[in-house]
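Feature annotation from TrEMBL assigns domain 'RING-type' to 6-52. Annotation comment: TrEMBL describes 132-168 as domain 'B box-type'. The coiled coil feature in TrEMBL is assigned to 231-262. If you look up TrEMBL, you'll see 340-443 marked as repeat 'Filamin'.
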Amino acid sequence: MSGPRCPQCAQPWVSPRLLPCLHSLCEPCLRRLGPPEGPPGAARPVLCPVCDAEVSLPAGGVGQLPPDCLAGSRAGAAAECDLCADGAAAGRCLTCGVRLCRFCCRAHRRQKKTASHAVTELENTKDCSQAGKPLLCPSHPTEELRLFCEQCDQPVCRDCVLGKHRQHPCDFTGNVIHRHGDALRELLKSSQQHMDTLEDVLSQVDEMGSAIRSRAEAVAAEICQFARGYVKAIEEHRDRLLKQLEDLKVQKENLLHLQKAQLQQLLLDMRTGVEFTEHLLMSGSDVEILVTKGVVSSRLTKLNSIAYSTHPSVDDRIQFSPHERAGQCCGYEVFGAILNKVVDPARCTLHGEDLHSARQNQLSGFTLLCKDTTGERMGRGGEAVQVTITHKDKRDCALKPIVCDNGDGTYCISYSPEEPGLYAVCVCVKGQHVQGSPFTLMVKHKFREHQGVFHCCTFCSSGGQKAARCACGGTMPGGYQGCGHGHKGHPGCHHWSCCGQVKESSECLCAPPSDTSQRSLLRTVAL
């Protein structure tokens, strides 16, 4: 027997119902699908036998799923005659609502009881679908679904409008189909764009797989050429390297295969949704579109919201270093290794005299030594190093350190602070703090060279004038003080100067007037 069939039981359709994944099954097949019925009023999850997607059957049972009115036409089979079931439908009786083959059309016009019926030809796919028969209300089997309840978002009949939908805004399906159809078209357009992107990403994944295999073959050739220089030891070392390379290649290919499988499944789901929606909008009647609009919109929205990477999950960076020391093999020191060391931020260390202290406006710095997971020095550069230096009291004051990659696993970090105070320093490799990070940096005031006579000498030589001024431009702090050299004041001289130098002496450093050398002492004072 030919014609559309259920994908589960392979039998002709019997009340096909539409699942949330947009696949259809016979109602009897759906009732046998999945675990037994759960508690009354509770939805139960089942696996779609077509795409293995987990879907939930409504709490009211299989009967609450929307009917798939286009199941037969979507399978590519022509609609059959409702009277003889031997030929393809070529016309429809507008009075009876039945589909007729060409022979039955002629017989329908000749029979006395039906001679007055209006028979029209089926001109397009919409007329050939189930749309040829009016869709009847499940609650009122004698009434046709001609209205649409906006509040409940479902087609209704006249009796429904007079009953439980009395207070709901309703309109004829022909008046609302344009608005709801346009919404489905927008979702369809978005899904089609995702399909193009997915196909492009899958193409990139295939290309990357070829690049990885090509690169692996090239590295294997290099390893074989290098290994021929040694006899037994090098051959064993070669086999070990090839095994390591194979493991690395398999690891990368497995990641690509996983990404490819996920993308292919998403593309398949997208294609199913797009084909179903395209067919619905092209072949479905107004009522049919409105009947399935909710589940179609939900499915497309869910598919469009799935996040996926637009680039291959791995790269083809596989390198062989023939000069890398590989330790001992059969008592011989061998060279050559696959560069697959991974830096371990927790084992990286910081070094330098200026690690915790610096001077204002002076260039300072420290060194970062990168190590792998075994604690060994990386021996090569190229790591992502990030350094931030922020003032603890002034959040808007942050330094811009310079990171220099030495190419041997060490990195020089230099900076020049403009503001004194405490700074918080964070050093990260691949987004993780290294050993000892974060730490505190103390920036001290800069040095200022003071050249001139002490204030006290200036004060005493001026005869004790309060307005006496030091060579640095400061004035004498405090009150009237002097020395015992004929000036007013207490005996002895307290050398509190504006420059921060403090001395106590029984003798005044200004000395007798004959000693001019001590009147012009030069000092260097750290402020």
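Each Cβ is built from the backbone N, Cα and C atoms, and glycine gets one as well.
Predicted, not measured: the structure shown is a model, and the values here were computed from it.
Within the model, the repeat 'Filamin' (340-443) carries an average pLDDT of 88.
According to DSSP, the repeat 'Filamin' (340-443) comprises 3 helix, 51 strand, 50 coil. Residue counts for the domain 'B box-type' (132-168) under DSSP, helix first, then strand, then coil, are 6 helix, 8 strand, 23 coil.
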